[in-house]
Every structure is written in C-alpha cells, then in structure tokens.
C-alpha cells in the first residue's frame, strides 16, 4: 500500500523534471531568437525612418529615396538625397535630366524618344550622348517621326494618325502628296484656277479657290448623294457620257456607237447632273470623245494621291479599280501608269461587262454603278437594252429575247435579232408586269 504512492511520486517527479528541462531549454533558446528578431525589426525601423540623409552634391540621386522618400542605408549611403525630394523630381522632369546608372540596362524608351516618363525615379541607365542622337529624329510632313530602321506604325498606315506623336518608336513614312482628311477620307487639295471669277467652296474643306464652273464628280465608292465631300475637278470639266465613269477604259467598235453615246451625254456639275442634248452646244465644256482610249493601253492619271513604293508589292485593289480606300497611307505600291486588262466579254454602254450566264452584280443592281468596272466577274444587264450591241455581234438569243422591248398585245413587231416577225405567245405574256397588263386590257 505504501509503495504505490512512492511509484506515483516517482512518475510525477520525472514528468515535472522533464517540464523543467523544457522550460530551461526554452529559456536558453527563446530569448536569443526573440532578441535577434527584435534587433532586425529595430534596424529596419531605424533605416526606414524619415531621418536625415546625406546630401552629396554631384553624386547621382538615390533611386530608392527618390521613389519612396526612405533609405535603409541612412547616413552611410553614398548617393545624393535632396532635401526637397518632390521638387527635385519635378525639376528633373522639366529639365529633361534623367539618372545615369552605369552598369544598369539602358532605358530603351529614353534612347528612342529622348524622354522618360519615370524621370529621376527610373531605375535604368540614361546615357546622355545617345539621347542627343535620338532626339534629333526627323519628322515627316504630318509631324510623326521617321525611323527607317524600325517597323512601320500599323495604326498610322491605316488611319494617317498616331496618338503617340513624335514619341512613337515606329517608322512613319512620308505621305506622297499633301492631303486633306475629310471624315476619314483622303482627297488631294483642289487646284488653283486662273479664272477671274473665283469663290470659296463652303463645304467641309475651306479656302479652296474654285471657279464657278468647277465640276464635282462623285466617287464610285459612294453612290448618289453622300455625306462625304465630293472630288473637285479642275475647270476643264470631264464629260461623262451616259453616266459612264468608265468612259476612258472602254473602246467603241464603230463611229455610230460614239455618236449615240455622245448624243445622250450627261455632265456632273455643281448640281446633281444636267443632260446635254447634242455636242454642238458645249458652252464652257471642253470637248471629249467617248472611247478615245483603246483597250489594253496605259491610262495615266493626271493627279494621284496614292503613294508609289517600288520596293513593295502592288496594291491589288488599286490595280483592279484604280482606287484605294487607304489613300496616301497605303503601304503598297501604286504605279501611275496602270495597265487596264482587256476584258474577255462584251461591254455595255456604261463600260460594264455583260455576262449573261453569271449572277447579277448586287452593287450594280442597287446603285447602277460598279467599282470594279470591266474587271467585275458578275453580270451587268442594261434592263430593256439588248445585249446585241455592236461590241457583241454574237450575243445570246435567249438573252436578247428576254431583254428586248415587249410590243403591244395585238401588234406584231419584227425581232431585232433574227429579222423574223413573231406574235407574243402565252409564255411571253406572263413576263409582262401586272401594271402593263392592266393597261393593255383597258386599251382593248
């Protein structure tokens, strides 16, 4: 009975001795660790205090101090610590002084533009001798930098503008001619006129001396009345036979066709258009022969706003249509002398291809024009005009029959193609519109 308590006392004493040993170990290790951490935190606190820092005139500014206002090295720092840090940063930016940190990578933005938005707080090296060369970059006519060894600015090539201005690191090629941008479209400025009666065109583009006889030809890209400024042509008005913007691209096989085309000639003037019944009364209009330029020859533009880049590929859209929506900022080549390929089909009086077996050109069916001209791969029917023109001696008989004018119900008219007389059949009468059919019933 007496031995049990002694055993329990022995066990209890051993556990207490173990706890005492652990406490002694903690006492020997804990304070040392605590003191080391406290000393580290104290050193950091002392280093980050806004205490006095050495001003070393002539030495580079302490970059960490310039950014944060603190310095962990304190009085032992070998760099300069201006008393008024904010004022020093502002003065450095105004003077264009940037830190020279030999051994650090060079600031690429500073080398290309001569400026640095971080100023004295930038952690990279800013060599002054290289910056002097970079700041002498040449500017183009629009005020954007010319950097031939760099890539071309894609945004500038598309829009003609660059939001980075003279600080852009890419190349901005010189525009070929002086341009006037009107709502995203580029036009060459109007030519001065020697006529005594001049006035200023009160449109989107001002201060253009123009004659009262100046003509306005709408661009084929914007049919009808458009919100875009129309192209202004010099006083020698260009006659457009039968609303034909492709007159210089088509040839006529007979003089009769030229006379017919000239008889119904139309002009684009300051108003929408005015018809001229004959060519005898021309007035101030200059003479112009339709189809005077044969097919397959060179057509030379009198004034072009499209750039010539011989070392670049040719602009395919320009080679097909003679137009380019990018204007003077297009990065492809636009030769002044453009070979007009000879079309492999007959052309209408508008200079558009007649392809009876192909689908009808959607743009032509809506607006009556086609920007692709003779190179369009779709059909451009003339409505009631037959395909059997002088330029198409071997036309399709079915197409002629469908497009030939339909005579009255009880009349017999000669067939313009075969020379035979025929009476309108039931199938032909089904093609007559309901309005004409009702008119025929009333007439009968």
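Every residue gets a Cβ built from N, Cα and C, even glycine.
Looking at 309-337, 396-424, the range annotated in Swiss-Prot as zinc finger turns out to be 309-337.
Of the listed segments 56-84, 201-229, Swiss-Prot assigns zinc finger to 56-84.
Between the listed ranges 147-172, 173-198, 251-276, Swiss-Prot ties the annotation region 'Disordered' to 251-276. Secondary structure by DSSP for the zinc finger (309-337): 9 helix, 3 strand, 17 coil. Counting residues per DSSP class in helix, strand and coil order gives 9 helix, 2 strand, 18 coil for the zinc finger (355-383).
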